[in-house]
Amino acid sequence: MERKQQSEKAKPSGWLRPVALRKLTGRYLAHQEGLPHLPVPPLQQTLDRYLLALQPIISEEEWTHTKGLVDEFRKPGGVGERLQKGLERRARKTENWLSDWWLKTAYLEYRLPVVVHSSPGVVLPKQDFVDQQGQLRFAAKLIEGILDFKTMIDNETLPVEYLGGKPLCMNQYYQIFSSCRIPGSKHDSVVNYAKGKKPPSHITVVHNFQFFELDVYSSDGSPLTTDQIFIQLEKIWNTSLQTNKEPIGILTTNHRNSWAKAYNHLIKDKTNKESVRSIEKSIFTVCLDSPIPRVSDDIYKSRMAAQMLHGGGSRWNSGNRWFDKTLQFIVAEDGSCGLVYEHAPSEGPPIVALLDHIVEYTKKPELVRSPMIPLPMPKKLRFNITPEIKNDIEKAKQNLNIMVQDLDIKVMVFHHFGKNFPKLEKISPDAFIQMALQLAYYRMYGQVCATYESASLRMFRLGRTDTIRSASVDSLKFVQAMDNPSKQNQEKVELLRRAAQAHRAYTDMAIRGNAIDRHLLGMKLQAIEDLVSMPELFMDTAYAVAMHFNLSTSQVPAKIDCVMCFGPVVPDGYGVCYNPMDDHINFAMSAYNSCAETNAARLAHYLEKALLDMRLLLQSTPKSKL
């Protein structure tokens, strides 16, 4: 979301030793209970808006056909009303009518690999170390910073975030530590060990495909200091110098059904089961990566994005991961760093808030040299590799390497201007960027496509996301006019402003729980639950077109100069993520090489041109006297 999330200053918690963490009597729960429930939007409103959203992306003939289906669906006493009543009943009985369904359909029942298809990566600014000492020193400081953030969660002193003056649901912060996804044959599950009687006190460290259990709290319950963690990381490094180990972590990159079978083979063995449980229970994972081949500066960030998303393939760092782990922080010997996260428990903004905190923390000078109490040797996690498991690893390697070859990713730093320019023009920066994307796509393909931008539903208890549909009747009018020589600039500016305004209005509607996508999904799932035949509306080709997002986009703003990245959601589409800074914009764009029609660098080129053309249009057109 593009409005600034202000933080309410928590009461100074200096007196709260992170020792024997006294639960502040339910401050978090009291906050959560004060949040409103997600509404079920009115049926007629959603159907009207659905027809409107279809106009720019299907033919008139198809639209007329679909209008007939919508009219049938909306009849008094008809199927639509029956499903709507079912949803309203569900909303009365649950904390959030959507969240369980969404977790299952968007994540846990999704069978493609989490790598590229689901898990986003984040590229952090390159650090200035170039050797193993610098790498371990930075990793130690990073770990200390993460534990500092975790203390705020454990003590429930994390400042509540606000959006447009409304407090937001903080639940996602409580799901990201000590949690892990577990593969299953039909659907996965997520386990969270933070809530148990004895919460985990260790992290997982991976180096040269070898996994270690590292305790990060001392016996009195206080976190280890940077110095202590550094010494422990050195011990890990020195006992994992061999590079000929089987990359057991590669198994987590496979198709979920294949991984579920391999998982069951793996944990038949008692040693393997204990090692897997240790990884699953750990607070988070730190991957100490090998450096990748040097590349020129202009493609360095794109190469880094690929490293964060998939690790570069079985020859490089992909075996240095456990992709089911919610949080994996990546620190490579050449100064590149970032993270990859499993998407089921959380959206991007809480992850970025954590990163903002850590990066600030790593800049702080160290205050005290801690007395060096001898610490136990970190425990190496052993795996017994049977021929069957070795075969599973080989198959996973082959599939992963195909996926790595197929991902086309481009990071573009647009340095001509940042969010300050649209703000000066009194246009929402997010709407401005989305209209530039619409223009770029239209110039490339001569048509617009169904476009997904995620909107946060965190104003509501357990809220996740809904869809802002950026391709609208107004955006189509603007992109068609932009290169039309018979149109005056004045009219083009008005159409741009109107399109941006429409986008802003859709955004406001979405964050208030009034968008259409999750409501339509809810009615479809309600029909399945009620065991009634699937309504024609959802079997219609127009519905399939509307849900085929050739542009899947997300704005993930951060204080730090980073960029998030993710893969496309359809084979012939793009994934576009951006972080607008004051005077530049970081973009990450992805596509698949297996699709001849898409090309990430080409989209980047057209997007840069669209942004510049829109600025020129606004600057060269005299302001109309209103």
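Using N, Cα and C of the backbone, Cβ positions are placed for all residues, glycine too.
Automated prediction, rather than curation, is the source of TrEMBL annotations.
Note that the structure is a prediction, hence the values are computed from the model and not measured.
According to TrEMBL, the domain 'Choline/carnitine acyltransferase' annotation covers 38-609. The active site, proton acceptor annotation in TrEMBL covers H343. The CoA binding site annotation in TrEMBL covers K419, K423, L424, E425, K426, I427, S428, P429, D430, S456, R504, Q555. Sequence annotations record features per position, and here TrEMBL assigns (R)-carnitine binding site to Y452, S454, T465.
Averaged across the domain 'Choline/carnitine acyltransferase' (38-609), pLDDT in this predicted model comes to 94. Other residues of the same chain near the (R)-carnitine site, with their Cβ within 8 Å of the Cβ centroid of Y452, S454, T465, are E453, A455, D466, T467, I468, S552, S554. If you measure from the Cα atom of Y452 ((R)-carnitine binding site) to that of the residue listed as 'active site, proton acceptor', you get 17 Å. Put simply, of the recorded positions H343, S454, T465, the one whose Cα is nearest the Cα of S428 (CoA binding site) is S454. Of all the binding-site residues given, namely K419, R504, the one with the smallest number of surrounding CB atoms inside 10 A is R504.
Candidate binding-site residues: K426, S428, D430. Fewest other C-beta atoms within 10 angstroms, K426.
In this record, (R)-carnitine is bound by Y452, S454, T465; the longest C-alpha to C-alpha distance in that set is 11 Å. Within the same chain, residues at least six positions away from S454 ((R)-carnitine binding site) with a Cβ under 8 Å of its Cβ are E347, T465, D466, T467, I468, T553, S554. Taken over all pairs of the listed CoA-binding residues (K419, K423, L424, E425, K426, I427, S428, P429, D430, S456, R504, Q555), the Cα spread reaches a maximum of 25 Å, rounded to the nearest whole number. When the Cα atoms are compared, H343 (active site, proton acceptor) and D430 (CoA binding site) turn out to be 23 Å apart.
When each of the binding-site residues L424, Y452, T465 is scored by how many other Cβ atoms sit within 10 Å of its Cβ, L424 comes out lowest. Over all protein chains present, the Cβ of the residue listed as 'active site, proton acceptor' has 20 other Cβ atoms lying within 10 Å.
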